[in-house]
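Copied over from Swiss-Prot:
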BINDING   20, 21, 62, 65, 66, 67, 128, 129, 130, 171, 181, 218  ATP binding site
BINDING   66  Mg(2+) binding site
BINDING   310, 315  DNA binding site
REGION    1-181  region 'Large ATPase domain (RuvB-L)'
REGION    182-252  region 'Small ATPAse domain (RuvB-S)'
REGION    255-338  region 'Head domain (RuvB-H)'
């Protein structure tokens, strides 16, 4: 069973997300610094009649990178072509996409960190010189020809900016980090989504749902779907604070937005390893989960909210984690926790 609070994309999210997705920077809620910068750069590019400089958006999943790519295309008044790193397996795949772009079009590559090295080599001159180097023939008779490309904007999105090669990262003129959303921003997003879907939600209901959505709009909108179902069947269609609490209790999501797996990770560190430090591989073995999954999917939210520390010696549960679960802090590590 998939996690209701997983921030990764799912097939059943696509139609729902497209309905709720804002179409302009004015409608986009949150990420104020990024919005302000993009608004300035877009206005300048349009004023000069040029393509926008290449944009790299990085940060945890579900924060709106794809939405911003769509908005960039809309604000520039151009087409958007979308693909992802794993899909572009060969240089020919990328060449086919690039040669079909119109002037000033936006090419969006999700999971850009997963591009192969050989595909990246094709992308470098395309981004920098708007030229495509193609090898014709094989062996001694092989020759290279250059094809001119229309000036386009590449918008790359990644959850793991550290895996991008330096040559690729250096070719982006605009690099922006997406941050988790505040409770107030999420409550506004939830209220907006409810209005679009024709649902009645009370302010306290939106606030309660925002506090359990892990700072992530995708999770907030997904949980809103589940709350809508509950409200429709058991609460006359009105989403109140109590409806939200009862729905999320059924989904085993607590007041911090932790689900069963989050609690298992933290309680394993606290109960089995005296709060840590404990190695990531040891935690993974103890709960039968992949180390990469723990590090990339579960830990960021815990660290962001001060429930977990990464140290050179391993993971350490913080004082906040002990208090959240009503556990007594061991005497020895207490100073480190404080």
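Just so it is clear, glycine is given a Cβ too, placed from its N, Cα and C backbone atoms.
Where Swiss-Prot records a feature, it is marked here on the structure.
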residue : record           : Cβ contacts under 8 Å, 6 or more apart
20      : ATP binding site : 192, 193, 196, 197, 221
66      : ATP binding site : 82, 108, 110, 157
128     : ATP binding site : 171
130     : ATP binding site : 148, 149, 150, 151, 152
181     : ATP binding site : 29, 30, 63, 189, 215, 216, 217
310     : DNA binding site : 299, 303
315     : DNA binding site : 269, 276, 277, 278, 279, 280, 283, 299, 308, 309
Residue 315 (DNA binding site): secondary structure state under DSSP, collapsed to three categories: strand
All-chain count of other Cβ atoms within 10 Å of residue 62 (ATP binding site): 28
For ATP: widest Cα to Cα gap among 20, 21, 62, 65, 66, 67, 128, 129, 130, 171, 181, 218 in Å: 37
Three-state secondary structure, which DSSP defines for residue 66 (ATP binding site): helix
For the region 'Small ATPAse domain (RuvB-S)' (182-252), residues assigned helix / strand / coil by DSSP: 51 helix, 4 strand, 16 coil
